[in-house]
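Participant: Can you read through this structure? Questions will come right after.
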C-alpha cells in the first residue's frame with residue numbers, strides 16, 4: 001500500500017509537468033492521396049455504382065495456391081496459444097476449397113447498393129442502404145458506420161437490416177436509419193493511398209467529405225476498432241454536423257493523473273474513482289487484465305506499426321497465411337478463453353462462410369499490406385503526441401461496453417475524453433467484432449442512444 005502511495009505521488013508530478021491545455025476542434029485535413037502530382041483541374045465528384053466481381057482466373061489462382069499450401073504441425077496440446085492451430089486451419093482450407101461458394105457470397109455482398117466516388121485523389125468505396133419503408137411522417141436518420149482491422153464493410157451486413165427496417169425485426173421503429181458503410185482507404189474496395197501519412201484524421205476528413213457529398217449536413221456515426229478513432233476524429237472535426245457518436249470501443253490514449261491513480265487504488269476504493277462493480281470485475285487485477293493482456297496480444301500491432309510491408313508480402317502471396325493471420329484475431333478478440341480450444345472457438349460465434357467472406361475481401365482486393373500500413377501511419381509518431389489525442393469530444397456520445405473486449409475502459413475514464421456521454425451500457429455478452437457477433441445487441445443500443453439524443457435536442461429546442 002505504501003508503494004502505491006509513492007507511485008501515486010509520482011504520477012501527480014508527471015501529470016503537472018506534462019499535461020497540456022486542451023483545444024476545442026480538430027482541423028480538417030486537406031490531402032492528395034492519388035498517384036503523382038495533384039492535377040490543377042477540380043476533382044470529379046461523380047458517384048457511380050459498384051459491384052463486387054471476380055474472374056475465373058482469380059478463382060483458379062486461389063485454388064492453385066490453396067492446393068499448394070504447406071502446413072506446419074502444431075505443438076501437442078497447444079490449441080490457439082501459439083496462434084492459429086494448423087489442425088483446425090487444414091479444416092478451414094478444406095472447407096474453402098470444397099464447400100465455400102464464393103460466387104454465392106458475391107451475390108450476398110451485392111445485395112446492398114454499393115458505390116464509389118473519388119475524394120482527395122483516391123476512389124472511395126461505400127455501401128449505402130436506405131430504408132425499405134418509413135413510418136408516416138418520419139424521415140430516415142443518416143448513420144455512418146466505420147469498420148476496423150482485420151474487418152471490412154461486410155461486418156455490418158447483419159446489423160444493416162435491423163437499423164434500416166427495425167420494425168420487421170421486432171425492434172422499435174421510432175428511429176429508422178439510412179446506413180452508409182465506407183471501406184477505409186486501403187481496405188477492401190477503397191483505393192489505397194499512394195502517399196505516406198494517411199492516418200485516422202485523413203480518413204475522417206475523407207468520410208466527412210463523403211457525407212457532405214451525399215447531401216447529409218447532419219448525421220450520426222458509429223464505430224469500433226479503427227472506426228472508433230476515425231469517428232472520434234470526425235466528431236472533433238465537425239461537431240456541428242455530427243448529431244451523435246456511438247462506439248463499441250473507446251480507448252484512452254492520453255492518461256492523466258486520475259487515470260493513473262485509479263489504476264493503483266481503484267480496486268480498493270472504486271467509489272472514489274467512479275468505478276462500478278462491473279468495472280472492477282473487468283479491470284482488476286490490472287497487471288493481469290490490463291498491462292499483461294495488452295503485451296500478450298499486441299505483437300501484431302508492433303509489426304504493423306513498424307514494418308508492415310515485410311510481413312504483408314507473405315500474407316498477400318499466401319491465402320492460407322492470410323487466413324491464419326486474420327482468423328487468430330477473430331478468435332482471440334471474440335473471447336480470450338478461446339485460445340484454450342483447438343478450433344479457437346471460431347464457429348461458436350461465427351460461421352465459416354462469414355469468416356471466409358471477410359478473408360476473401362482482403363484476398364481479391366489485395367489490400368492486406370495497405371490495411372496494415374494504417375497502423376504505421378497512426379502510431380509512428382508515438383502515443384499521446386498527436387493533436388486529436390489532446391482534444392475532447394463534446395458531441396453526445398453513447399458507448400456499448402462489451403465484456404470480451406481486450407481492454408475495458410470504464411465510463412469514469414471515457415468521460416475525460418468524451419465529455420457528453422449520454423449512454424454507457426455494460427453489454428451482457430460479446431467481444432470486439434460486435435456488429436458481426438451480436439448485431440441485435442448493438443442495434444438495440446444504437447437505437448436507445450439515438451432516442452436519448454433526439455429527446456434531449458427536442459427539449460433544448462422547446463426551451464429556446
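Glycine is treated like the rest: Cβ placed from N, Cα and C.
Feature table excerpt (TrEMBL):
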DOMAIN    49-156  domain 'Epoxide hydrolase N-terminal'
ACT_SITE  225  active site, nucleophile
ACT_SITE  375  active site, proton donor
ACT_SITE  432  active site, proton acceptor
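What does the local environment look like for each feature on the list?
Facilitator: Cβ neighbour count for residue 225 (active site, nucleophile): 22 (other Cβ atoms within 10 Å of its Cβ, all protein chains included).
For residue 375 (active site, proton donor), the count of additional Cβ atoms within 10 Å of its Cβ stands at 20 [all protein chains shown].
Around residue 432 (active site, proton acceptor), the same-chain residues at least 6 positions away in sequence with a Cβ under 8 Å from its Cβ are 224, 225, 249, 333, 334, 402, 404, 405, 406.
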Participant: Can you count helix, strand and coil residues in the domain 'Epoxide hydrolase N-terminal' (49-156) using DSSP?
Facilitator: 37 helix, 22 strand, 49 coil
Participant: Grab the pLDDT values for the domain 'Epoxide hydrolase N-terminal' (49-156) and give me their mean, rounded.
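Facilitator: Averaged over the domain 'Epoxide hydrolase N-terminal' (49-156), per-residue pLDDT gives 97.
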